[in-house]
Amino acid sequence: MEQAALFTIFGGTGDLAQRKLYPSLFRLYKKGNLAEHFAVIGTARRPWSDDHYREIVRDTIKDLAPTDEEAQDFSNHFYYLSHNVNDTDHYDQLKVLADELDEKYGLQGNRIYYLAMAPQFFGTIVNHLKSQEILTTTGYNRLVIEKPFGFDYDSANELNNQIRNVFPEQDIFRIDHYLGKEMIQNISVIRFANNIFESLWNNRYIENVQITFSEALGVEDRGGYYEHSGALKDMVQNHILQVVALLAMEVPTSFSNKSIREEKVKVLQAIRRYDSEEVLQNFVRGQYDTGTLDDKNFVAYHDEPNVAKDSLMETFVAGKFLIDNFRWSGVPFYVRTGKRMTEKGTRINIVFKQVPVNVFNFEQEEADGEELPQNILTIYIQPTEGFSLTLNGKKIGQGFNTDPVKLDFRQSAEVTENSPEAYEKLLLDALNGDGTNFSHWDEVANSWEIVDRIRNTWDQTTPGFPNYAAGTMGPQCAFDLLAKNGHEWAWQPDQWYRERGKLD
Ligand code: BG6
């Protein structure tokens, strides 16, 4: 259905706007969710003209193969205003332009303010939206805000108070782009639409849960940002804890924004708050050194642009969360994420408990010291999308030897290619006023509380960095973390490369 709205994008010349927002708006335009009744104001400091801005917008959508006419029509809805976020006069100009466009396109006073810029300006912008009376009284006013939402609990709380002075919680859409990904949304369907899983989804049957967000890229040109955030704040505080919450939450009474949020918050509250000693036992960090994978050489983190030569910032984290509730007591939720690892891959492994007694080839096994493989449900988030289940079957032939088999479903490349991009879904959700796939304040607050404890403990000790070679799956301590509980990472893509002599 066609939506009427004015988007004001703060940071309209930036990388996010160009790589994600404009192409996503174009997809919505092609699908008819946006048609005649929408306009976009891009603001940033640079003195661009409307014409130049529209040219840039057309350039960002060229991979989506629009016809010339489509590209022209779409980009004609875009307007540019050079803007200094601290200058009140500029907000007055913004108001004039916004009201004009409202009239011209019949936007019914519906406004989406998208903050796609440095977080230190979020508070200032929001205050000005109110003081300069840019907010409309007829339609809706919604705020979409990119991460990072604060840099610890206190700063996040302060930012939240500033924003909540202007926007009520239901009009604040805090982006966590993972929540827009198809397979992250599929976690709830896999759990709640399949009795065979949901009835086993607890500490009686699940031995441990493993969540891996590995990246092959280094920090690229984001050294300046990353030196302040590190892997813990960049990935664990938001994306990973959101996934833990989705995997561990109780079945919501209905699949609504409110019920889901309530259940997610309960999980985050039940995650054990570690003291310093527990942090050191349960969380490890790493930083990449030089490395060679498949004949490609990589520089060490401390030689990346805008990174200090003696940087102590982590580019890798692995840890164990414990959830102290009836369902999960005693089940470790292992998480790991890092830059310059072997492969880009986000996947979840649900490792089920072993059968109590293996009645097959017991003697043989004792001799080999090998156990029956465990059942593992794997959810592939990206780059491939799908899920698999490993089971044990009978080995063909004489006797009753077992043989592991894998039931494997992957979406076809065509389906994956054509499925909506995360930002497209999230923008449409914001247009529909649906906050289900966004982070609510209670979730953000709990996540910071958990992460602050880890950060504060780490800040008191000096790590021995660098401690893993680029191209590997992280430092040895990340493997030891599981080994000390008798577990191991189910996904070890580095082995494939090592076996073929492509990685030391
Ligand atoms: C972002 C992080 O939130 O997520 C980046 O800031 C990271 O450091 C990115 O690379 C990963 O997202 P995706 O969608 O490429 O897996």
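Cβ from N, Cα, C; glycine included.
Bear in mind that TrEMBL entries carry predicted annotations, made automatically and left uncurated.
So that you can see what the record holds, here are the features copied from TrEMBL:
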type     : residues                           : note
ACT_SITE : H239                               : active site, proton acceptor
BINDING  : R45, K147                          : NADP(+) binding site
BINDING  : H177, K181, E215, D234, K339, K344 : substrate binding site
DOMAIN   : 9-186                              : domain 'Glucose-6-phosphate dehydrogenase NAD-binding'
DOMAIN   : 189-489                            : domain 'Glucose-6-phosphate dehydrogenase C-terminal'
Restricting to the domain 'Glucose-6-phosphate dehydrogenase C-terminal' (189-489), report the mean pLDDT as a whole number.
94
All-chain count of other Cβ atoms within 10 Å of D234 (substrate binding site):
22
Near ligand 1, which of the binding-site residues R45, K181, D234, K339, K344 are found, taking a Cβ distance under 6 A to any of its atoms?
D234
How far is it from the residue listed as 'active site, proton acceptor' to K147 (NADP(+) binding site), counting Cα to Cα, in Å?
11
Inter-residue C-alpha distance, K339 (substrate binding site) and K147 (NADP(+) binding site) (nearest angstrom):
19
Neighbour count (Cβ, 10 Å) for K147 (NADP(+) binding site):
18
About how far apart, in whole Å, are the alpha carbons (Cα) of R45 (NADP(+) binding site) and H177 (substrate binding site)?
26
Determine, to the nearest whole angstrom, how far the Cα atom of D234 (substrate binding site) is from the Cα atom of K147 (NADP(+) binding site).
9
Among the binding-site residues H177, K181, which residue has the largest number of other Cβ atoms within 10 Å of its own Cβ?
K181
Just counting, how many other CB atoms are there within 10 A of the CB of E215 (substrate binding site)?
19
What does the structure give for the C-alpha distance between K147 (NADP(+) binding site) and K344 (substrate binding site)? Integer Å is fine.
21
